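Features of the protein shown, as given by Swiss-Prot:
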BINDING   GLN11, GLU69, SER138, GLY142, THR143, GLY144, ASN204, ASN226  GTP binding site
BINDING   GLU69  Mg(2+) binding site
Amino acid sequence: MREIVHIQAGQCGNQIGSKFWEVISDEHGIDPTGQYVGDSDLQLERINVYYNEAGSNKYVPRAVLVDLEPGTMDSVRSGPFGQLFRPDNYVFGQSGAGNNWAKGHYTEGAELVDNVLDVVRKEAESTDCLQGFQLTHSLGGGTGSGMGTLLISKIREEYPDRIMNTFSVVPSPKVSDTVVEPYNATLSVHQLVENTDETFCIDNEALYDICFRTLKLTTPTYGDLNHLVSATMSGVTTCLRFPGQLNADLRKLAVNMVPFPRLHFFMPGFAPLTSRSNQQYRAITVPELTQQCFDAKNMMAACDPRHGRYLTAAAIFRGRMSMKEVDEQMLNIQNKNSSYFVDWIPNNVKTAVCDIPPRGLKMSATFIGNSTAIQELFKRISEQFTAMFRRKAFLHWYTGEGMDEMEFTEAESNMNDLVSEYQQYQEAAADEDAAEAFDGE
């Protein structure tokens with residue numbers, strides 16, 4: 001029933017991915033060996049969305065783990081949930097992509113991609129009614145970005161009518177791991193625009209800010225950041241995994257969230273975000289949740305929704321709460337902030353409610369916004385890209401793997417087109433008076 005095949009590529013993708021499996025295994029009562037140790041039928045009712053039942057009472061994730069070097073894989077395998085995954089589903093090379101998109105997409109990655117597709121095919125064949133794929137990766141490195149996008153386009157060829165969903169970690173403005181991030185990210189976005197149905201943009205810097213300001217962690221680790229990401233991922237998929245009063249699946253989400261096919265880059269948010277020490281001191285209410293999840297401080301992408309307008313948004317509430325109250329609050333927030341929503345899409349906020357809250361919380365909300373403000377993120381990458389590309393800095397690493405400069409130019413202009421499309425719809429709302437006058441003639 002509506003299965004999802006999960007793929008994690010590259011170091012970042014594997015770290016986020018394995019955290020995600022820890023979180024949802026916990027929610028479904030699956031222990032690190034794959035045995036069910038839960039206490040509620042609800043945990044098993046839709047367990048087959050993400051897990052395969054291998055034998056009596058043993059559940060195996062429908063996950064494919066991909067990397068071009070063995071390092072991260074080894075640490076996943078020796079990590080707490082390493083024995084959960086099917087050993088054949090670890091697919092790795094030995095050479096590494098060295099943060100080079102061309103290696104991931106054209107040379108090293110292309111050699112490994114058929115092995116990966118075999119495993120993906122095997123997973124897809126064991127499903128009843130495949131809903132789609134989700135990929136976790138980063139856009140700044142070599143494997144996640146280069147090989148990740150290669151996998152997407154190959155899977156797209158084979159399963160054109162299935163939803164393709166990515167959780168993409170976008171290079172952040174202040175925190176940079178490698179110099180060539182702008183190149184890798186631009187080349188990746190060029191692919192994502194064409195080949196995915198929904199992309200959740202996650203940004204390390206925004207995550208750092210949340211950890212630092214809201215969660216009061218003085219020195220956040222990648223573990224802390226990944227925990228936030230996995231909370232969001234668990235929230236986005238919660239409707240698929242648990243029964244609820246108002247359910248959504250990946251396709252419903254796409255239909256409601258994507259007004260124009262290219263504009264499918266979402267900003268996730270999560271509430272309640274309270275520091276660990278503060279958690280037990282406050283009961284959270286539906287109005288607070290709604291307020292918090294539209295708050296710019298809770299966004300996981302480093303752009304400010306107040307600088308743009310929401311084309312569409314979705315909120316997924318978890319926990320026992322009154323539907324009536326949820327609807328009232330959602331309406332309330334739209335009325336109060338009506339200037340931040342485009343007026344040419346009426347009722348552009350979708351709500352879903354699921355009865356089962358995440359561990360340790362009475363209720364929570366996950367927010368997904370399709371805001372024109374996301375262009376800030378692409379603009380930033382594009383500026384850095386242009387600065388380097390104008391001088392042809394570092395290009396030899398890419399041309400040496402057989403890439404052409406033309407491809408860079410195309411990717412650059414595709415990204416700039418994307419920015420101006422967002423801008424166009426942001427302004428489409430701004431001059432409706434002129435449009436009304438025009439209609440009135």
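Placement of Cβ uses the backbone N, Cα and C atoms for every residue, glycine included.
For the binding site of GTP, formed by GLN11, GLU69, SER138, GLY142, THR143, GLY144, ASN204, ASN226 according to the record, the largest Cα to Cα distance is 23 Å, rounded to a whole number.
Within the same chain, residues at least 6 positions away in sequence whose Cβ sits under 8 Å from that of ASN204 (GTP binding site) are VAL169, PRO171, SER172, VAL175, LEU225.
Scoring each of the binding-site residues (GLN11, SER138, THR143) by how many neighbouring Cβ atoms lie within 10 Å, the top position goes to THR143. Summarising the environment of GLY142 (GTP binding site), the number of other Cβ atoms within 10 Å of its Cβ, over all protein chains shown, is 29. Counting Cβ atoms from all protein chains shown, GLU69 (GTP binding site) has 19 others lying within 10 Å of its own Cβ.
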